[in-house]
Ligand code: SAM
C-alpha cells in the first residue's frame, strides 16, 4: 500500500505527519491523557518499546511544559527503550535493547541513579503472526516484562500505562496488575482501531504488596529459580507452568488407529449413580418427558 492510499484511509496517520509526530500512536497517548491526566506532576518517565518515538515526543512536550510551569522542580528525565534503533530525540536517553532481558532492565535502572520514575509507559507490540493465541501470549509476556521493570523504577503512587490485547485470558493479567495497583482501568482511545483487540491499561497509585522484592524473573519464560530469582512470600504470585511427560509418548490431541486385536473393555469403575441414568431408562422404554 502506498503512502497516499494510507493518507486517504487513515486520518490519524495524516494528522501525525501534519502535527510532527513520528507515528499515529502519539494520539493514543494524548487521548489517554485527556481522560486520566497522566502527566500531572510527572518529571521522570520511562518509555518502553518506544520506537519510532512518538510517545517519547509526547513525554518531552508534556514534561517540558510541567518544568516551565514549576522550574523549581527537578529537570525532566526520560529514558526510552526499544529493540530497534531510534533516531535521536532531544532530552531522551535511549537504550537499544529487549525489555524481557534482565540486562536491559539493569541498564534502565542504572540511568535512574536510585531515583524513581513518576510514570512508566509501554506501547510494546510483538510482530503480529495472525495466530491470535500466540499473539496474545507474546503480548502478555511483554506486559509482564514491562511490569517487572516498573516494579524496580516506579515510585509508590506512580502510574503505569501499557498496551494490552483484550483476549480471552485478559482477566488473569488484570488480577496480576491489581496486586500492584489498586486502580486498574482498561481504556480504548478513539485513535485505536475498533478492528484491533488492542486496548490500554492505566494502572494508578503504585503500591507493591508489603515485603515485595522487585524481581526480573519472568515466570513464564525463565525456568531458573535460583537465589537471584527467588519466588517466595509475596513475590510468589504467578505460578510457573511447566510441561511434563515423555515428549515421545502419546499426544493427547492425536487420534491413533485401533489395533485389530483390540477388545473394548468396560470402565474399571462405572459411576454408581450416574446423573444420566434416568434419561437412558426413559429413552429405552420409549417414554417421552415432553
Ligand atoms: N510507542 C511507539 C511510538 O509512539 O512511536 C510505537 C511502538 S511500536 C507500536 C511497538 C514497538 O515495540 C516496536 O518498535 C518494537 O520494536 C518494540 N518491541 C517489541 N518487542 C520488544 C521488546 N521485547 N523489547 C523492546 N522493544 C520491543
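Every residue, even glycine, has its Cβ placed from backbone N, Cα and C.
What TrEMBL annotates here:
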type	residues	note
DOMAIN	21-206	domain 'Ribosomal RNA methyltransferase FtsJ'
BINDING	53, 55, 82, 98, 123	S-adenosyl-L-methionine binding site
ACT_SITE	163	active site, proton acceptor
Would you mind listing, in sequence order, the residues at least six apart from residue 53 (S-adenosyl-L-methionine binding site) in the same chain with a Cβ closer than 8 Å to its Cβ?
22, 23, 80, 86, 87, 89, 92
Other than its own, how many Cβ atoms are within 10 Å of the Cβ belonging to residue 82 (S-adenosyl-L-methionine binding site)?
22
For a Cβ distance below 6 Å to any atom of ligand 1, name the recorded positions from 55, 82, 98, 123, 163 that qualify, or say none.
55, 82, 98, 123
Identify, among the binding-site residues 98, 123, the residue whose Cβ has the fewest other Cβ atoms within 10 Å in this structure.
98
Inside 10 Å of the Cβ of residue 163 (active site, proton acceptor), count up the other Cβ atoms and send me the figure.
22
